[in-house]
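In what follows, a structure is listed as structure tokens, so that the remarks can point back to it.
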Amino acid sequence: MKRKWFDWRNIYLWLVFLVLYAPIFYLIFYSFNAGTTMTRFSGFSWQHYAELFADTRMIEIVLDTLLIALLSSLIATIIGMLGALAIYGIKKVWLKNSILSLNNILMVSPDVIIGASFLIFFTFLGLRLGFSSVLLSHIAFSIPIVVLMVLPRLNEMNHSLIDAATDLGATNVQVLTRVIFPFITPGILTGFFMAFTYSLDDFAVTFFVTGNGFETLSVEIYARARQGISLEVNALSALMFLFSLLLIGGYYFIEQYNNSKKARRRNRMGAKLIK
Amino acid sequence: MANTIIKFSGVNKRYGDTMALKQIDFELEQGKFYTLLGPSGCGKTTILRILAGFTDASAGTIEFEGKKINDLPANKRKINTVFQDYALFPHLNVYDNVAFGLVLKKTAKKVIHEKVIEALRLVQLSGYEEREISEISGGQQQRVAIARAIVNEPEVLLLDEPLSALDAKLRTAMQVELRQLQQRLGITFVFVTHDQGEALAMSDEIFVMNAGEILQQGAPVDIYDEPINHFVADFIGESNIVKGRMLADYQVEILGHQFECADAGMRVNEPVEVVIRPEDLVLTTVDKAKLTVTVDTQVFRGDIYEIMSHDDAGNEWLIHSVRKTAVGQQVGIYFEPEDIHVMRFGESEEDFDARLESYEDDADEKV
């Protein structure tokens, strides 16, 4: 069958992508504006990028945000993974289900409520609001995400793999490191990246628990937007968009490379067998 | 027994209110091929899991080479298992799967290499070392699973229905290969299956199980020829089972006729059940017949005709015949005295063995 380029399904798809991406491109387009508003394009200029790189406060906030995201997702991944292992090991069905429900409640409850309760909790403990309070709260709301990503992988795992490893002489630790971890690694990675992105763009929770001296990107942009948005933010958005594009592209090429390596090896094996 | 390797004494297993195993006693000798045979849920896999150390017995002792191993964890036992679903590690290739146990034992790399290559050669998978598990067929995965177990040189190899996922032809081939492998390695195999053909073809000794009990234990020929009760007779091969009465030693009455048989040692006039295998029934003319039946159906099976028929009393008779007959026809069936197997109701295995021995001695003396 000949593939028609003109197809209602294609048109629909392009339309959806257009609607989704238009605001981003609009934003990026105006980051090159010589003027200072997004209403009129008065000429091309790098001026807002220059402003952004001169703005050390902004750069610092970006780095802080990335640091928080990286640290919180890392710690949340470790805790969430261990939590998933613990839930997997629970024999009593009712207990397992209740813990899972508690986990899910954290996923669906509004960020505002979580943020507010963290604020109350931290002030009650007398913890100073700042880097550590943001980090702790980000870890906390990332853990359920990791659990939800890892648990299905664990459930998918054939239980006799554990028996088989034990049968072959593995201790509990060896079963964990040599059989379970390799098997759930895809789930752990997904959990990590999900936690990372959640932490990066979280506003509501962070808004409650940041103190005076510490800001993350979303909170800072919100604060600046209230005084009329500067095109410096556009420049930052453009750069971050480019950054994620590069990340995804890199991931894609690594995947391709691995696949072709596997295929090449298979071909070599095949050739050997035919000989 | 001189070289007993495994001994179960009074082993029970309870799951909640249900008894999965009731009072299991047996001994396994070194270097033999044993089969645990029974329908699903009879407890055969539970025995295997207790042997491997994945499940604890609720009561009783398990001995390995004379030492109690109830509390020895699975990873310390010189027993390896081939799982029903193979349980190969999907993230490792064939070589690393087979090497897994040796790597854990911190064996030298060179030794591992030699042993893995040798194990793969034994299961006829040389040249597959670098393959991923997902790239090989079910039959090959099965062999990898066997290689992974035997490379550790266990004293006992447990096989949990390892052939059930293979197609019929491959299964027959693997039965022969497994048997040969066992003889070459000279270690004890404990094979679990619900397939009686598989059990008969491979084993030195079969344990027939039902509902958590071992009903009968013996060589394949003995179990087939002298089933202890209705269940065993029905489960091992196809059989015609009819009610009868023991008139005297070597004389049994079935359907009002008196026949000579090869069984003795029962009470006079004791009600019994009589088994006659379908392949022992020979079609003949009505005048030469021991029994007369009417043919209901006839199915061609390739090597034989499978004939269902009934007698005047309404008992069904299954006949395996190389000659064909016609549906609706009255035919005679003939059988030899040795073809009649008499079973007492509720006889224990010990009584059964004792009775057989008593009159087999008589028979020897007579000769």
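From the backbone N, Cα and C atoms, a Cβ is placed for every residue, glycine too.
TrEMBL annotations: computationally assigned, not manually curated.
Within its own chain, the transmembrane segment (A:12-32) is flanked in space by residues 38, 41, 44-46, 48-49, 231, 234-235, 237-238, 241, which lie at least six positions past its ends and keep a Cβ under 8 Å from the stretch. Feature annotation from TrEMBL assigns transmembrane segment to A:12-32 (among others).
Feature annotation from TrEMBL assigns domain 'ABC transmembrane type-1' to A:62-252.
Annotated transmembrane segment per TrEMBL: A:66-90 (among others), in sequence order.
Cβ atoms under 8 Å from those of the transmembrane segment (A:102-125) belong to residues 83, 87, 133, 136-137, 140-141, 143-145, 147-148, 202-209 of the same chain, restricted to positions at least 6 beyond its ends. According to TrEMBL, the transmembrane segment annotation covers A:102-125 (among others).
TrEMBL lists A:131-151 (among others) with the feature transmembrane segment.
Same-chain neighbours of the transmembrane segment (A:179-200): 65-66, 68-70, 72-74, 76-77, 80-81, 84-85, 138, 141-142, 145-154, 157, 161-162, 165, 170, 217, counting only residues six or more beyond its ends whose CB sits under 8 Å from a CB of the stretch. For A:179-200 (among others), the entry in TrEMBL reads transmembrane segment.
Outside the transmembrane segment (A:235-254), and at least 6 residues removed from its termini, the chain residues within Cβ reach (under 8 Å) are 24, 27-28, 31, 48-49, 51-52, 58, 62, 217. Positions annotated as transmembrane segment by TrEMBL: A:235-254 (among others).
Long-range neighbours of the transmembrane segment (A:66-90) within the same chain, counting only residues 6 or more positions beyond its ends whose Cβ lies under 8 Å from a Cβ of the stretch, are 96, 99-100, 103, 131, 134-135, 138-140, 142-147, 149-151, 154-155, 176, 180, 184, 188, 191-193, 195-197, 199-200, 216.
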